[in-house]
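Enquirer: Have a look at the structure that comes next, please.
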Amino acid sequence: MKILVLGSGAREHAIITALLAERAGHDIVAAPGNAGIAADVAVEPGLDTLNGAAVTAFAIENGFELVVIGPEAPLVAGVADPLRRRGIPVFGPGRAAAQLEGSKTFAKRIMDEAGVPTGRAVRAATLAEAGSALDEFGAPYVVKADGLAAGKGVIVTEDRAAALAHAARYLTHGSVLVEEFLDGEEVSLFLVSDGHTVLPLSPAQDYKRLLDGDAGPNTGGMGAYSPLTWLPETFVDEVIDTVAMPTVRQLAAEQTPFIGLLYCGLIVTAKGIRVIEFNARFGDPETQVVLPRLVTPLSTLLFAAATGTLSGMPRPEFAPGTTVTVVLASEDYPESPRTGRPIAGLDEAASVPEVTIAHASTARDETTGALLATGGRVLSVVARGATFADARTRAYDALSRIRLDGSQYRTDIAARA
């Protein structure tokens with residue numbers, strides 16, 4: 001199959017790695033890609049992935065049979081819509097359904113209409129409204145940017161002044177949501193949807209805070225592990241019945257079918273499962289730990305979702321064992337990451353058994369060919385093992401071989417798994 005993958009992160013590298021592992025011999029092009037992706041498949045760095053007309057023209061000209069949209073920005077920009085209008089199978093929701101991630105207010109309304117369990121929330125358009133809502137809920141305070149914020153739009157704090165400052169920062173871009181604090185274990189569950197049917201992948205847990213012990217600011221994610229052996233066997237079915245299917249049905253009823261990856265950000269509380277957030281695409285870094293164990297060919301799931309033929313397909317199968325990923329980030333991430341520094345030692349890191357490297361913010365120097373860090377989250381070290389101890393040992397062994405001045409990573413990923 002000829003497949004176009006839009007995106008340039010470790011998530012997209014993991015998707016491409018899974019597609020290349022199939023026996024089908026897919027012809028894959030990535031746009032814009034990164035240095036690691038460019039070493040595996042052809043890339044089209046000049047394609048404007050936020051321009052639906054440009055992406056559609058490129059897909060038609062090159063005869064792509066499936067387009068996979070990785071990041072949230074092209075989805076919220078509506079890139080999937082012109083592709084669908086031209087009859088090109090695309091994995092990713094259209095602009096309207098992508099508001100499930102693009103607007104926290106929209107997502108809360110959908111949850112309320114569908115009867116999906118979630119925390120109470122108040123939308124605030126002014127600082128005074130935010131302050132009033134903070135006082136209503138009390139500490140710990142939870143404030144979320146209403147729109148896209150690269151995973152950094154949420155603050156959970158005991159400090160009212162910090163919560164108010166966070167609200168003030170994002171009120172310059174739009175509204176914010178002030179929510180009740182939910183206490184429990186967080187779970188990420190991916191579900192493939194064709195607009196009517198959902199099929200679940202393996203649950204994962206990610207680490208959003210920058211520092212060990214869940215300290216420091218929120219990030220796009222510093223690591224993850226899967227499977228979650230501490231979850232009850234009924235967990236996935238309960239999420240399908242109480243969260244995923246009601247949401248998919250509600251969106252279908254509103255003539256905005258959700259076709260793509262429904263990411264359910266969940267928390268298991270003393271009162272049951274609650275939804276923290278929805279995303280409209282594969283999560284990063286959870287994708288890096290979910291896909292390596294996937295036995296069912298990923299392309300069959302993506303194509304079936306894109307063509308409305310998931311019904312009747314068996315649930316995806318996963319190999320035994322565990323997967324752990326640890327993110328290597330640049331100095332001063334997430335505030336002002338230092339970029340342009342050389343990266344070395346990746347071949348040595350990849351030589352550790354059962355380890356792969358998923359590139360994110362990497363590029364080649366056009367003159368010297370040196371590998372450079374170009375952003376905050378630089379790469380993900382992905383390790384498999386029979387046990388989490390095995391996988392963790394391999395991941396951190398590999399990380400110790402990578403050299404990037406000022407780089408940082410958490411040392412406690414999957415330590416309690």
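Cβ from N, Cα, C; glycine included.
According to Swiss-Prot, the record shows the following:
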- 134-188: ATP binding site (BINDING)
- Glu277, Asn279: Mg(2+) binding site (BINDING)
- 108-307: domain 'ATP-grasp' (DOMAIN)
Enquirer: For Leu148 (ATP binding site), which DSSP three-state class applies?
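Expert: DSSP call for Leu148 (ATP binding site): coil, neither helix nor strand.
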Enquirer: Determine, from DSSP, whether Ala162 (ATP binding site) sits in helix, strand or coil.
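Expert: DSSP assigns Ala162 (ATP binding site) to helix.
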Enquirer: Below 8 Å Cβ to Cβ and six or more residues apart, same chain only. Which residues does that give for Ile155 (ATP binding site)?
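Expert: Residues satisfying the criterion: Tyr141, Val142, Val143, Ala162, Ala163, His166, Asn218.
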Enquirer: In whole Å, note down how far the CA of Leu148 (ATP binding site) lies from the CA of Asn279 (Mg(2+) binding site).
Expert: 10
Enquirer: Report, as a single number, how many Cβ atoms besides its own are within 10 Å of the Cβ of Asp183 (ATP binding site).
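Expert: Taking all protein chains shown, Asp183 (ATP binding site) has 10 Cβ neighbours within 10 Å.
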Enquirer: For the domain 'ATP-grasp' (108-307), what is the mean per-residue pLDDT, to the nearest integer?
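Expert: Looking only at the domain 'ATP-grasp' (108-307), pLDDT averages out to 96.
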Enquirer: Would you say which of the binding-site residues Leu148, Ala162, Val176 has the most Cβ atoms within 10 Å of its own Cβ?
Expert: Val176
Enquirer: Going by DSSP, is Val176 (ATP binding site) sitting in a helix, a strand, or coil?
Expert: strand
Enquirer: Cα distance, Glu277 (Mg(2+) binding site) to Arg169 (ATP binding site), nearest Å?
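Expert: Here the two Cα atoms are 20 Å apart.
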Enquirer: 10 Å Cβ neighbour count around Glu277 (Mg(2+) binding site)?
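Expert: That number is 20.
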Enquirer: In angstrom units, rounded to an integer, how far apart are the Cα atoms of Val176 (ATP binding site) and Glu277 (Mg(2+) binding site)?
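Expert: If we compare the Cα positions of Val176 (ATP binding site) and Glu277 (Mg(2+) binding site), the gap is 14 Å.
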Enquirer: Round to the nearest Å and give the CA-to-CA distance linking Leu134 (ATP binding site) with Glu277 (Mg(2+) binding site).
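Expert: Counting only the Cα atoms, the answer is 19 Å.
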Enquirer: State the count of C-beta atoms found within 10 angstroms of the C-beta of Asn279 (Mg(2+) binding site), not counting that atom itself.
Expert: 23
